[in-house]
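A short worksheet on the structure shown next.
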Amino acid sequence: MVCPNGYDPGGRHLLLFIIILAAWEAGRGQLHYSVPEEAKHGNFVGRIAQDLGLELAELVPRLFRAVCKFRGDLLEVNLQNGILFVNSRIDREELCGRSAECSIHLEVIVERPLQVFHVDVEVKDINDNPPVFPATQRNLFIAESRPLDSRFPLEGASDADIGENALLTYRLSPNEYFFLDVPTSNQQVKPLGLVLRKLLDREETPELHLLLTATDGGKPELTGTVQLLITVLDNNDNAPVFDRTLYTVKLPENVSIGTLVIHPNASDLDEGLNGDIIYSFSSDVSPDIKSKFHMDPLSGAITVIGHMDFEESRAHKIPVEAVDKGFPPLAGHCTVLVEVVDVNDNAPQLTLTSLSLPIPEDAQPGTVITLISVFDRDFGVNGQVTCSLTPRVPFKLVSTFKNYYSLVLDSALDRESVSAYELVVTARDGGSPSLWATASVSVEVADVNDNAPAFAQPEYTVFVKENNPPGCHIFTVSAGDADAQKNALVSYSLVELRVGERALSSYVSVHAESGKVYALQPLDHEELELLQFQVSARDAGVPPLGSNVTLQVFVLDENDNAPALLAPRVGGTGGAVRELVPRSVGAGHVVAKVRAVDADSGYNAWLSYELQPVAAGASIPFRVGLYTGEISTTRALDETDAPRHRLLVLVKDHGEPSLTATATVLVSLVESGQAPKASSRASLGIAGPETELVDVNVYLIIAICAVSSLLVLTLLLYTALRCSAPSSEGACSLVKPTLVCSSAVGSWSFSQQRRQRVCSGEGPPKTDLMAFSPSLPQGPSSTDNPRQPNPDWRYSASLRAGMHSSVHLEEAGILRAGPGGPDQQWPTVSSATPEPEAGEVSPPVGAGVNSNSWTFKYGPGNPKQSGPGELPDKFIIPGSPAIISIRQEPTNSQIDKSDFITFGKKEETKKKKKKKKGNKTQEKKEKGNSTTDNSDQ
């Protein structure tokens, strides 16, 4: 017989020999025997040799032996007869404790050939242990004031046997005050207790002696008893009461020392000392409980003071009592059940297998990215592992098999929003506390070309000065692409188009990489004011994506054009203009008018006129209008003035720096009786039939002027009568004006009937204004094709400024400044136009416009301007504001060609007479000259 407790020097060799022979030697078997505990030495167990099929004669030669893992002296085999018998006393409670099953395992080994047999000998329990109470006597102190059905817990008996042998029943000795409350089978945790069924009276029965008997279920029955000494207390009639009779707590087996287990709470309805509670374990608590737990007497807190071992004890039942300080003291009882929980000491393990990394951003949902396997060496709940993913979006974990997961794409990706994800896979077991392990997964998102280059704004406005050097950098376009690498590599190009007769690429170019826009040639504001084109941005992706941006390049004007004089048809030698002026003219008489044009625009084309001083500081009786260019007398001429004057007129613009031009006017003073045969008074730049005036008979002019004066007086009288009549419309009324043009060579008129609202202001007239229509008399195509003016006719900036001080009707416009030049337009509001849509823009300061002026108006339904070389439908010769007198004609009346509109100018009719009153012919001649001067103005 060989047992592990004995020392066998050849055991290692034997074990090695057994392992080698086990590969080819068979012959294994298993036998079951049973033996009651407490069997005496030599008690028969079984015929082991016969049951194993071995001959008695071969037991010794084959080295028959039985090996046990525990005590080797309990069983023995007789090699002579092959019988297994009891060798020493077997105590089941000592061998297996309170385990439900108890057996002795033997390994029977025979050699030649090697055979191993397993034999299990079951040790059956017998009722050899009586019930035992913790103490032979239990003292109980019960107040006489305790109510009926009060329960007093008792510590039950314990039986070392198992099964029916440990099933206990209790009985109490007969009495009239108490009965025994025995918990049912499903209330094993609930302690045994005495229940009061009759009120106690200390004066009648101060003490009670009862006997509690416990009987097991064995055969024969065994019993145990305890003496119950009950002392009846007086006065303190309220015992402490716990919140619960049973507290259940779970503690892990590796709980640290000093950990609070529970804080049971008891309350006492008494006051003073009778309500002060002291906590303690019950007097009959086991020493094992006292070695592991401690209870604070004042707070009742139970803490851990010893090591907890799940394998040693899975639960601890702690009886607790709360005793007040009354006399006699009262006690409340409860039970604390501490369940020891096994510790989860193995964390899960994760294994990752990457399949498709990096993942393209256009991958479809459901694409598998990584395979994950988990493993936990624990068992039960502690080995059940679940996986989770953080962050979840846009991925998810899919369980494919037990402990196997797939990391798949859950929603669409966008590399431009998130280019990479750092995912954490957490594997957590079901233990308490749970253990976990984590693994990081780096998911990189590969870029695809899904974003076109984008500009910051759809269009840009660029201002470039004209006359820039070739290759000048004018702007830089920049487009951003949210993609990466070559998908974000942006190149720029022009969207080719035609600019007039030339290609766009002849004006500008764009650098393909930097997006810088260059002007390939000097830009000319007079030729090109606005250059609008598109720049395209394309990335290098496959397929390439792109977008366009619009550039509006405004060419800013510079003062690069000097004023140009408009040459007259009849002039003096050397480019000078000759003018003949009678000595009889008074102050303010217009001698000539210098006309010039500037190809620039804005202030660069706004012209002013200055009269250069003569040498030696001599004064001359002439001046020039600052913005009109009109040369007029500053005083009345007399005999002391030089007969000839050379006037130098400086024309300059308002640019920076200012550019100038010079005009020479030769003025000759003649006597009043001499005819100005070669006068060019019409001013520089005026062309037309006025030059034919030189050859007209002076007497014919005097006759025409006389007839015209009579007609004017008639019209003024008629108009005054008409205006004095009451009007239903007040100051503004609808009339039919008949507009007639009168010139120095006669009257040429074209009646144009139109219903208009004319508003006349109040106040005395200050000067003459004559309105006329440039239309010809009624004739073939005269209505549609008005007479063309001299192509040299242009309005300069000064003339345009002067026109702002004139009264202009609805169809008034401004002529273009010159060929290729910009339109100098100052929109204003006309008092003859009631539309509120008309814009209001003031002309430049100093342009000759005051707050009382009637100015041009552009608005819906009003033509802006006539084309180059055309006269406007109606215009006003510049002058100061005056009261307009308009003749009204019946609807069907015939309009005579001699009908015209004129404005009275009393100062011309009241000239100082230098001749005798009887010389009427000379007076008429002067009136004719005055009329001619007015027409020039």
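Heads up, the Cβ atoms here are built off N, Cα and C, so glycines get one too.
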Task: Selected residue, Swiss-Prot feature N-linked glycosylation site, from candidates Asn548, Asn919 - done: Asn548
TODO: Using the record from Swiss-Prot, pick out the residue from Cys68, Cys96 that is joined to Cys102 by a disulfide.
DONE: Cys96
Task: Which candidate, of Asn265, Asn929, Swiss-Prot gives the annotation N-linked glycosylation site - done: Asn265
Open item on the list: Could you give me three numbers for the domain 'Cadherin 6' (581-678), the DSSP helix, strand and coil residue counts?
Closed with: 7 helix, 41 strand, 50 coil
Open item on the list: For the repeat 'PXXP 1' (774-777), report the average pLDDT of the model, please.
Closed with: 35
Open item on the list: Quick check on the domain 'Cadherin 3' (243-350): DSSP residue counts for helix, strand, coil, in that order please.
Closed with: 10 helix, 46 strand, 52 coil
